[in-house]
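**Student:** Copying in the features that Swiss-Prot gives for the protein in this structure:
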- H404: active site (ACT_SITE)
- 84-103: compositional bias 'Basic and acidic residues' (COMPBIAS)
- 117-126: compositional bias 'Basic and acidic residues' (COMPBIAS)
- 166-185: compositional bias 'Low complexity' (COMPBIAS)
- 2-77: domain 'Lipoyl-binding' (DOMAIN)
- 128-165: domain 'Peripheral subunit-binding (PSBD)' (DOMAIN)
- K43: N6-lipoyllysine (MOD_RES)
- 80-134: region 'Disordered' (REGION)
- 164-204: region 'Disordered' (REGION)
Amino acid sequence: MAFEFRLPDIGEGIHEGEIVKWFIKAGDTIEEDDVLAEVQNDKSVVEIPSPVSGTVEEVLVDEGTVAVVGDVIVKIDAPDAEEMQFKGHGDDEDSKKEEKEQESPVQEEASSTQSQEKTEVDESKTVKAMPSVRKYARENGVNIKAVNGSGKNGRITKEDIDAYLNGGSSEEGSNTSAASESTSSDVVNASATQALPEGDFPETTEKIPAMRKAIAKAMVNSKHTAPHVTLMDEIDVQELWDHRKKFKEIAAEQGTKLTFLPYVVKALVSALKKYPALNTSFNEEAGEVVHKHYWNIGIAADTDKGLLVPVVKHADRKSIFEISDEINELAVKARDGKLTSEEMKGATCTISNIGSAGGQWFTPVINHPEVAILGIGRIAQKPIVKDGEIVAAPVLALSLSFDHRQIDGATGQNAMNHIKRLLNNPELLLMEG
């Protein structure tokens, strides 16, 4: 009887996902832990490994189709496979039993280990492990996020759990895995630089990566849904420049890398409060406008895999230093591919910084269902008129795109003027921000 593999709960709050790519087809022979597919949810792409070895009988879900946790997505001829169930499908009773087991003496023996983990474990760490391994970790009182994986691509196995219980952390295995990843990456890079085909107009093709598909879908949806208007302006930021310079060393003393971006975040939040139409969502189908009484700012981040938008939540409650620290932490996570889906949810307005790439004015695309996005360009020395004289000053380029269904031109410009006023005199951020 064929083993029916169901889409598992991968432990990141994902209840459904789009099958963006299959790595197997009917007739393929696979080994346990081989990657079966890539699943997309929001902007996170997760590899789904096989829990068994065998032969693929049938792929039941096509690429581009959304599957729900518990749906059978592939059948595998695996005669020696044990009966397996996955979190999210038919294991409610097991979950209840596990909760009771966690109060047993076995758990008490591991309590001292767990107490140490709590102060050291990175709870935002992305874990690669099969549901059976996660269950095994729970049964043995192990926080799986404290375990280093020795499997393919850093995947955690039962042996890693055993090694952890015996006082090890599988670091050697993890290093081996990292080396393996590096080697495989070199192979991919080598293949990518293979000789071009012959002819006067050589062309090569590649499949669109899952991340690029997600970005393309979001951009097209935004442009097709919201009539965009973009206002472009600039502002003398000499006082902002001096203010950052004054507090840069103080920030560094407490481990904070102070940039101009946190000032822009605070100025934008102030504008959203003063002009709340920019902090809404426009639901034309339902005939509703959703007013958001919280201020979460998305920060568009350029990564090797594509555009990601981590979110600074409750930015109105945080200081310049706190926002700076959070932006830097999220940027590192974005570059390392360690952002969780939760860290990319809930933005009410977004900032796109093309200035970091040397750009100036542009037409940023709204991060739908938001209704506005603020683009910031580079700060450049320009001649300006001050007190009747032409002087050189650092000037910041700003671009504000908004959904014209919800925001009128005058409202958009008034919001832009408010942002300019605060950035021109950063002390006002303390008074009004």
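Glycine too: its Cβ is placed from the backbone N, Cα and C atoms.
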**Student:** Under 8 Å Cβ to Cβ from H404 (active site), same chain, six or more residues apart: give me those in sequence order, or none if nothing qualifies.
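**Tutor:** Looking at Cβ-Cβ distances below 8 Å from H404 (active site), excluding near sequence neighbours, one finds A226, P227, H228, V229.
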**Student:** With DSSP, how much of the domain 'Lipoyl-binding' (2-77) is helix, how much strand and how much coil, in residues?
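**Tutor:** Counts, helix then strand then coil: 0 helix, 41 strand, 35 coil.
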**Student:** Looking only at the domain 'Peripheral subunit-binding (PSBD)' (128-165), report the model's average pLDDT.
**Tutor:** 77
**Student:** Using DSSP, would you call H404 (active site) helix, strand or coil?
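**Tutor:** Note: H404 (active site) is coil by DSSP, not helix or strand.
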